[in-house]
Amino acid sequence: MTGAEAAQVVLRLDRITKTFGKLVANDAVSLSLHRGEVIALLGENGAGKTTLMNILFGQYTADSGAVEVFGRALPPGNPRAALDAGVGMVHQHFTLADNMTVLENVTLGTVPLWQPRLDRGAVRAEITKLADDFRLAVDPDARVGSLTVGERQRVEILKALYREARILILDEPTAVLTPQETDDLFATLRKAVALGLSIVFISHKLHEVMDISDRVVILRHGRLVGEMATRDTDRHALATAMVGAEVSAPKVVPAAPGAALLRLGDVSTPDQGNAPGLKSVSLDLRAGQITGLAGVSGNGQAALADLIGGLCAPQSGQLDLDGANVAQWSPRTAVQSGIARIPEDRHKTGTIADFNLTENAILESYHTAPMSKHGWMNWPRAEAATQEIIARYDVRCPGPEARIRLLSGGNMQKLILGRVLEAAPRIILANQPVRGLDIGAVNYVHSQLLAARARGAAVLLISEDLDEIMALSDVIHVISEGRLSPEFARGSMAPADLGVWMAGHGFDEGMAHAS
Amino acid sequence: MDMLDILLSASFWAAAIRIASPLIFATLGELICERAGVLNLGIEGIMVAGAFAGWMAVYSGTGLWTGVMVAMVVGMAFGLIHSVLTVPFGLSQHVVGLGVTLLATSSTYYAYRLALPEVTSPPKITAFQPFEIPILSDIPLIGPALFAQTPMTYLAFVLVGLVSIVLYRTPLGLALRAAGENPSAVEAQGLSVTGIRMGAVIVGSGFMAMGGAFLTMSAFDSFFFEMVNGRGWICIALVVFGAWKPGKALLGAVLFAAFDALQIRVQQTPLGADIPYQIFLMTPYVLSILALIVMSRRAEVPGALMVPFNKGER
Amino acid sequence: MRLEPIANPSLARTTLPPLIAIMTTVVVASLLAMLAGANPFSVLGLILKGAFGSKFAALETLNRATPLIFTGLSVAVAFRARLWNIGAEAQLYAGALITVVLGTGALPWGAGALLPTLALGAMLAGALVLLVPALLKVRFGVDEVVTTLLFNFIFLLFISMLLEGPLKDPMGMGWPKSERLIAEARLPRMAEGLRLHWGFGLAIISAALVWVIQRRTTLGYEMRAVGLNRDAARFVGIPVNGVLIKTALLSGGLAALAGFSEVAGVKGSLTLDLSPGFGYTGIIVAMLALLNPLAVVAAALFVAGIFVGADSMSRAVGVPTYLADIMLATALLLMVLAILLTRFRVVRE
């Protein structure tokens, strides 16, 4: 009998089932968590991990099943009850009010609303103490809007600790962190476990799961398909269990790059609110090469994507296409110059949810023949083109007339791929192209990018997932606060080395080196 | 110099404060709604309803303060309708707001005709009278301007302070501001976004109705159709002008009212007599638009203003 | 509670909520009429009879619907692109103003040349009136809801100023009223002996044209894209600001046609009570029509029917005429809720 089994059960999920329409998100999932234990909840995007945790936290109500915390049944659909029972959740998308201070965010909801005032001094002391105990350094009086992503996550964890959470649920907490920040987070979590807290760690990153967890629970298509002690398993076994089949990522065959198709020379762009603009960035995108852009989100990726995508023009510096300086620059000229743009957010900018597939497929071409002439739409032609994309890119859908909001993320992304790749573009801007997709769709997108590279396209791959960048890129740049690192050849840098750059170190020396 | 004389006269500033008072109530009400994330375009109609309800109550024999309470309750009832449709159901705040304005206005007129079928000119009530605050009202210029007003004006100023304190110093205000900035943050901390937003809209609507009641019970002593006359829309501009802060909104309302009082004064000068009176009547609306242009892009709009919140969704 | 989208709503799901909304509206109206001393069970019948019970009543409803079709189209076009034009009232008066400025003898032309000129002039004026808030929106980010609302007040005062000044009819016995249109500037009736002017025909044609623009042209596609998702529209290169300006011009022009049609088809001159809120009622019409231009015609008939029917009912049983406005407000609020409930179910959690 091991220590973990002997320890007290702090959380028990009993045959939780939840359906959304026809989709079974959770199918009789049972799970128990012990005191001082770290469980990794592993599964692909869409496997039902987040739904399960939202049920535990009371944001969804299960169709059937029960949740028990410290031996007591938790009333369904009541986040307050979950909080009071000692469950704290760190959401993947932070739940912070940007215009308020850390202190205000942490105390929100912790005292009765009708209490006349808040003892800020006492709260500040408490937060400082927790921050010290758990190595979560952050200024209680800083406005959340001015914090980095890593700091915001610390605030989220502080929120839970301040409410004396005994069980911490972290939903994909490392997705937005540098390798070093991930190490810091793990140090905090180990500290918490040592103090008797229990943790559910949701992830699809296998090495992190192996690193931090005591036990792994695997979800697939809403079902619990495996449960094992971490020390008894390995990454390969976990990957197979998670996907349900042997996975083979597309192979990257080394190839010689061609000429620079797009070239930035000392380009700067203005800051956009909290998002930094580019600071004297020089970059070559070469034919037949995938250039990876690594970095913590919010460090200028958006500015670079906007620039290449035609949404903003350089404030200073040169933007050259095929060696010729670009004067007029707009999304349309970018598309006409042969730039394919896969946007960061499928839902917000990539598609129009209430448009049907046809209307979405022609968003970039509707104003040109043959989709329209003299301002008149040619709908039969547009629909035929959409049919072709649906067939060629394997978009699973009821038909070109279906609203795109009905499609899964993967199929939505395939339609976008079809929209931008049909014209055989020479330059591809792939901004977070696989975020939120399951492995099948991820591999599909990656193989399309590799195919484009093979036929001589220049690809810029922007991703917060360092693993993805390292797997696909021929060369890698790191971006931090709008500055671009020198170019690193494939395999020349370890993740930790890139992490140093991602954290903003090395740029001054790098600049000196480059000039 | 004529203009200087006007600007230095206590009666001018007394008028400005009087004109500002209904705007202060209603602007505060709108500010509370918007700080919680809900644009309340019901304001115009709710002011009409409040103007009628308070006045009618007093005409039917209640005391003045009871009349104010009646107006507030009627306003809150319309706020309830607005909030049910816009908060849990998340319907378009534009459409619902205009619908509530239409509903409140038409049911007020209907009720007026039912209550007073025969009258050609509306009856008068004994309205709030100016109350000179001892000592303070003896201060030159400021005294007669600020401290010889009706009790409702004093209430308006007290409410500005109260709302500021609640918004910035109490847990309730913190939750309300968070609901308007990022409702997910509120939900994740175990609070009800729906409850907070509905509460804000209902209370805010009560304030708007008090602004309407000021017109019939303090500024005048009778109810006329069209008496609100776009003041609600002006208050929406004042919220923007005040950058969603009670103190600045108060300042905006007084500044705005000063211009209004000024145009009335200028209208009566020989110079003013040559200008069509409509030009003067236009000034408040034109000023509101100018205020919006000046403040555009400067103010920090609540992050989740007009964004409905569906539980469990982010 | 939470709202959950329904993938394939049943027939009952799509029809029952709107029906219940209409019935509730009638019940509310009946109860209010009872308050005024009328028999609540007679209300619905009297409204229907008053609106459609005779040829005279039906024609009255069609005449009443005409300006509402124009303002409804104006709002539908604007709201479709998420341009919140609440200023159709001002644009209507702008159209009416141009009609009396040019149609009282300034252009001594025949009807064949004059009427199209007046219509186009009116559209231009309405377009310009909405152009100002639209420019303020795209240039400075000023919210158009408030500016268009405020413009209504400003513009009405402007009209009042003109009617008491340069446009005042010398024979008007002191009333603020413009001179009458010359005969060539009057819209003819659609058929001999039929009390229905060609403004109605123009309204139907406009509805069809707006439908064609929205469904068959690149501009319509752009307007819908801008309305549904402005970020995506900007990303794919649709000139969002340009589309909003074009939308404003079209929307303002349509509202102005209501003014033209009322002056040239009905009143013959401009007064300050030309519109009993047609501009605002256009919002109700557009919302009831779900912003579909063809459905705007039906919705305008419905709304006009309530106005005409409730007017006649009010006179018959002696309840205040404001009942019609209450009914419309109730119908609007309940209908937007009902339409939501045809697509979402309420889940308790």
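Residue positions begin at 1 at the first shown residue.
Backbone N, Cα and C atoms are what each Cβ position is placed from, and that goes for glycine too.
If you look at the transmembrane segment (C:20-48), the same-chain residues 6 or more away from its ends with a CB under 8 A from one of its CBs are 305-306, 309-310, 312-313, 316-320, 323, 326-327, 330-331, 334-335, 337-338. Marked as transmembrane segment by TrEMBL: C:20-48 (among others).
The transmembrane segment annotation in TrEMBL covers C:68-85 (among others). Listed by sequence, the residues of this chain that lie at least six past the ends of the transmembrane segment (C:68-85) yet keep a Cβ under 8 A from its Cβ atoms are 91-92, 130, 133-134, 137, 143-145, 148, 200, 203-204, 206-207, 210, 214, 223-224, 226-227, 230, 243-244, 247-248, 250-255, 257-258, 261, 278-279, 281-283, 285-287, 289, 291-293, 296-297, 299-300, 303-304.
Annotation source TrEMBL lists transmembrane segment at C:92-111 (among others). Remote same-chain residues near the transmembrane segment (C:92-111) are listed as 67, 70-71, 117-118, 121-126, 128-129, 155-156, 159, 162, 167, 178-186, 188, 252, 255-260, 262-264, 269-270, 274-275, 278-279 (criterion: CB distance under 8 Å, separation of at least six residues from the stretch ends).
According to TrEMBL, the transmembrane segment annotation covers C:117-136 (among others).
Taken from TrEMBL, the feature transmembrane segment applies to C:145-163 (among others).
With a cut-off of 8 Å between Cβ atoms, the residues of this chain six or more beyond the transmembrane segment (C:196-214) that come close are 59, 62-63, 65-67, 69-70, 73, 76-77, 80, 119, 187-190, 220, 223-224, 250, 254, 257, 260-262, 264-266, 292-294, 296-297, 300. Summarising the annotation, TrEMBL assigns transmembrane segment to C:196-214 (among others).
The feature transmembrane segment is assigned by TrEMBL to C:280-310 (among others). Packing against the transmembrane segment (C:280-310) from elsewhere in the chain are residues 29, 46-52, 57, 60-62, 64-66, 68-77, 79-80, 86, 88-89, 203-204, 207-208, 210-211, 214, 255, 258, 321, 323-324, 327-329, 331-332, 335-336, 339: each is 6 or more residues past its ends and has a CB under 8 Å from a CB in it.
Annotation source TrEMBL lists transmembrane segment at C:322-341 (among others).
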